[in-house]
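Accompanying notes for the structure given below.
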Amino acid sequence: MLNKLYDWVDERLDITPIWRDIADHEVPEHVNPAHHFSAFVYCFGGLTFFITVIQILSGMFLTMYYVPDIENAWQSVYYLQNEVAFGEIVRGMHHWGASLVVVMIFLHTLRVFFTGSYKKPRELNWVVGVMLFGVILGLSFTGYLLPWDMKALFATKVGIEIAASVPLIGGMIKVLLAGDSTILGAQTLTRFFAIHVFFLPAALLGLLAAHFIMIRRQGISGPL
Amino acid sequence: MSNNRVSRRQFLGYTLTGVGGFMAAGMLMPMVRFAVDPVLQQKGAGDFVLTDQRVEDITEEPVRVDFTFEQTDAWYVSEVTNSAWVYKEGDKLIALSPVCKHLGCTVNWAGDPEHPTQFFCPCHAGRYEKNGQNIAGTPPLGPLDEYLVEEQDGYVAIGAVRPNTLV
């Protein structure tokens, strides 16, 4: 049944070469944990991507209930966690996944560093990877405010003060992030929400595409 | 045992698809159930809401009776005012919903000067008899809904809405 459907589409659009390009490639022995168990360190990049996919999915579902408004944000989070079926699980996936994705991207960075994989000709991919690290940290920072509880509020106060300590333009960065020079409130929450669900995910997807295209073009770096 | 040998490649394919499908389902099931929750949530039947309309002032001519109740919309609780068209048939109180069965606008009693004994919907000129029966040839496809209604200490009390039982 599925095979017939696939054949029907393939006959018209010739999708097999595209599919082959994406999925059918050799995994060298030195990165295959079936050959050397220690090669599991090469999985961290893929795991980062896997958790990122979970974050995007669970985040999409959370926005069905969440409202980025100071009157209702906390209430809506409380409602979706305690009144909606599996709310605790879906929010839990996003909550724990957020920490885990930072851990995984850090381990991935360490692996790339200690195997020297960033060296010529892969410098550009390292640069894009560092940018991805920044985007993930930005997502963590902006997402942390959204439940609008005391912990979120004061963490963001501290975070914005840190950003404000940048020489010369610190004050402007602060207003740009908070939406106001003194208040951390309604405008901060809507800004952080917009950054968290639209701007940074867009940057993330673009950078991920670049990251993956480059690794496909250059291949995995050789054994140590 | 069948004679069709399963090749190592096929076996691995089946195993990986099965385990992967199981993992994907475990991931997606909570999220899908989370999303469809409003469809599956049970709503309790509404209580009667006391209005400030005296029963003795009700005649056979429908009058609009407003009633206010506390509505819980997920995390948002607010006072909502709805209305009903209430009249007497003999000694029996009748309360009809003002929500047009065409597309949900609000109907008025005698809203059309040409039909002073009918409910009229201004949106698409839907009309109903006094008992809520929709008039053939106008847009609505069913009769107006009916409220449960009772007398409490001489005042009208409005209950849950139900399909029209008069026509």
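Please read every residue number as a count from 1 along the shown chain.
Cβ atoms here come from the backbone N, Cα and C positions, even for glycine.
Quick look at what TrEMBL annotates:
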DOMAIN    A:5-224  domain 'Cytochrome b/b6 N-terminal region profile'
TRANSMEM  A:39-67  transmembrane segment
TRANSMEM  A:96-114  transmembrane segment
TRANSMEM  A:126-146  transmembrane segment
TRANSMEM  A:158-177  transmembrane segment
TRANSMEM  A:189-215  transmembrane segment
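Contact counts against the transmembrane segment (A:126-146), taken as Cβ pairs under 8 Å, peak for A:189-215 among the stretches A:39-67, A:96-114, A:158-177, A:189-215. With a cut-off of 8 Å between Cβ atoms, the residues of this chain six or more beyond the transmembrane segment (A:189-215) that come close are 49, 52, 56, 59, 63, 68-70, 73, 122, 124-125, 128-129, 131-132, 135-136, 138-139, 142-143, 145-146, 148, 156, 177-179. Restricting the average to the domain 'Cytochrome b/b6 N-terminal region profile' (A:5-224) gives a pLDDT of 95.
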